[in-house]
Amino acid sequence: MESEQLFNRGYCRNSYNSITSASSDEELLDGAGVIMDFHTTEDDNLLDGDASPGSNYAMSNGGGAAGGVSSSTHLLDLLEEPIPGVGTYDDFHTIDWVREKCKDRERHRKINSKKKESAWEFTKSLYDAWSGWLVVTLTGLASGALAGLIDIAADWMNDLKEGVCLSAMWFNHEQCCWGSNETTFAERDKCPQWKTWAELILGQAEGPGSYIMNYFMYTYWALAFAFLAVCLVKVFAPYACGSGIPEIKTILSGFIIRGYLGKWTLMIKTITLVLAVASGLSLGKEGPLVHVACCCGNIFSYLFPKYSKNEAKKREVLSAASAAGVSVAFGAPIGGVLFSLEEVSYYFPLKTLWRSFFAALVAAFVLRSINPFGNSRLVLFYVEYHTPWYLFELFPFILLGVFGGLWGAFFIRANIAWCRRRKSTRFGKYPVLEVITVAAITAIVAFPNPYTRQNTSELIKELFTDCGPLESSQLCQYRSQMNGSQAYPEGSDAAATPGVYSAMWQLSLALIFKIVMTIFTFGLKVPSGLFIPSMAIGAIAGRIVGIAVEQLAYYHHDWFLFKEWCEVGADCITPGLYAMVGAAACLGGVTRMTVSLVVIVFELTGGLEYIVPLMAAVMTSKWVGDAFGREGIYEAHIRLNGYPFLDAKEEFTHTTLAREVMRPRRNDSPLAVLTQDDLTLGELQAIINETSYNGFPVIVSKESQRLVGFALRRDITIAIENARRKQEGIVLNSRVYFTQHAPTLPADSPRPLKLRSILDMSPFTVTDHTPMEIVVDIFRKLGLRQCLVTHNGRLLGIITKKDILRHMAQMANQDPESIMFN
């Protein structure tokens, strides 16, 4: 009962001294248990939503008639029990980080104090200590297995649009021709076992009739997959749409979106992700894989009370899960950890760093064991380069960075404008029609161009790959310097044939197509990631620039730029490297990632030698993008949806004071408050029914306005219901008091209701002259829901997280009412 007694005293109010001795950020946050928060609500499943019983909050509802106050009050105080639901959180509310950390510290102290009592208690303490590692292990195993399943299924369904393997229906095109002895080097993808739809239906492989039939079947399957995906999302799991990363960021900041990380969302997202990728839409599976991994982490956390009953601890698991998601998406375990730290996590203690690393390791190991691509790699487009880069190439690399920044800024503005139009017009009411329309346009325009017809991951692989003797791509049709005949020389520095120029025209058309379609695709009501389309756009631009520089070096090798490094007949320029740098630059321009992006791409290529070009391009793209707006695409979508998210990267530079932001304002109605001992139950219920506030300050009296504490709306409601159910004589005229002892009442008064145990005796307060810069910093670093504003100890008003967001929008000349979550 230690924790219950602690909360009865006012939620760790006596731990103030621990702040002064804190030796780390985590201890500082723990020590801040002094400051108790406020928000009400319901903790249960972030997603599935069954109320989790057994809250650690005690509540006494005892009371006593006049003359016999002490005996009955003490008796009922002894009989008080924790009430399920008190101290939990409602949907679309923010958790109280300080209270959750305080609860966890008390739970830990209780376990430590008991572990020497018996072998069973010692075993329980070991289980508690290891539960964190167990939950991230399970999350890593599930994430790796699901990623392998998604990769294999998406490859098979993507090839189903073009044909079918007669010898084994479950083989994709590549697997179908593996065992064939009738393939040639030039036409390695053609074998008798694989039949196109024209061969199956018309019996002919060539000619205009077969082309039209293949065109029709390609479009038919694309529409069928897209239609099935959007219908499954709409009917079974509306939260399965989109990439999920903006919502994951918001959830990790402490917001509750119940149903977003549950089993239905996991199941439907896994199925529809395969369908959406196979439909040929301009989207990727990498972002949604982070959502899938976080669903696994959320579901497994309910097996362990340490995480299921504490929302702050659960978010440590979700941070590790997001690292596992990126690990399997790109085959980049360390990049995944850095992605979780840099991009999505709000609170990332050292312990979470180790567990994120372990989860990413387990997930990558499982995916490598499944080997979904048959190349012993974790991703389809793993490449290795064997030629160095030269100093003069930094100039085109930086130009690619500029292109990436410009593309990122353009994409964010265009996509947000389109998504806002979708939200504000009737067009958004027909998600199935929108998906079918976009899928139809994509399929019809994509089929004639071989670079848009193929899977985007395969396109990136082809663009990344260096030309060598084993490459039969049109991009590698160079003319040999020996005898002028067409060949596939060892070195790629040779004159390009018309085939290469034709491929560059097709790539230019593919670039325009990808840019336009990605703007309209991201935000559809199907699972849609942004990593792969952005990388494809950058890789196309990079390959075009790479071939241009290569031909420049070939025809003008006597220029001072090339003379020192480029000898005739020697390798000099690697166009595939330009594609890789361009891909990193465009992805950086859209997401504004830096360190984690460079590490992810470095792990993709396995070459330390190319870190400097990658860093130069990524930093350039970030600087150029930031010149047009500091928000990445995920922050922009968070703002568009109005989630209450305080971005730690955003600086507050205005000189306003707390009294200018607090409510009530000058023309507002007075602040709704409770007095500590002169309210009746009827008056209290009237205040609750007439307002929609999540909590109420408790003051000594209306005259003094001296602050006593803060009571949460949900806790008050549950306490009243519990008192009426368990106690006799609680009526509308019953006096409600928040003090330690009942007030003196006439002898014929009904039994009073004591609510002191649900009162937060140490709410966080600031004075009316506190600069808002400090208030915003406090909200960010302590994860507060709200704080009270006082002047010489007298209550003046309240500042909530939404008040701060409104104020920041107002300072940025935006309409503050247009951004709030409805």
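Every residue, even glycine, has its Cβ placed from backbone N, Cα and C.
Matching 344-366, 390-412 against TrEMBL, the residues noted as transmembrane segment span 390-412. Counted over residue pairs separated by six or more positions, the transmembrane segment (218-240) shares at least 3 Cβ pairs under 8 angstroms with the transmembrane segment (432-451), which defines the two as touching.
By the count of Cβ pairs under 8 Å, the stretch nearest in packing to the transmembrane segment (317-341) among 130-150, 390-412, 432-451, 503-524, 536-557 is 130-150. Cβ atoms under 8 Å from those of the transmembrane segment (390-412) belong to residues 515, 518-519, 534, 537-538, 541-542, 545-546, 549, 561-562, 565, 572-573, 578, 581-582, 584-592, 612-613, 616-629, 631-633, 636 of the same chain, restricted to positions at least 6 beyond its ends. Tertiary neighbourhood of the transmembrane segment (577-602): same-chain residues 326, 330, 332, 334-336, 338-339, 341-343, 383, 385, 389, 396-397, 400-401, 403-409, 411-412, 460, 463-464, 466, 530-531, 534-543, 545-546, 549, 608, 610-611, 613-615, 617-622, 624-626, 630-634, selected by CB-CB distance under 8 Å and a gap of 6+ residues from either end. In terms of DSSP helix, strand and coil, the domain 'CBS' (662-728) has 24 helix, 17 strand, 26 coil.
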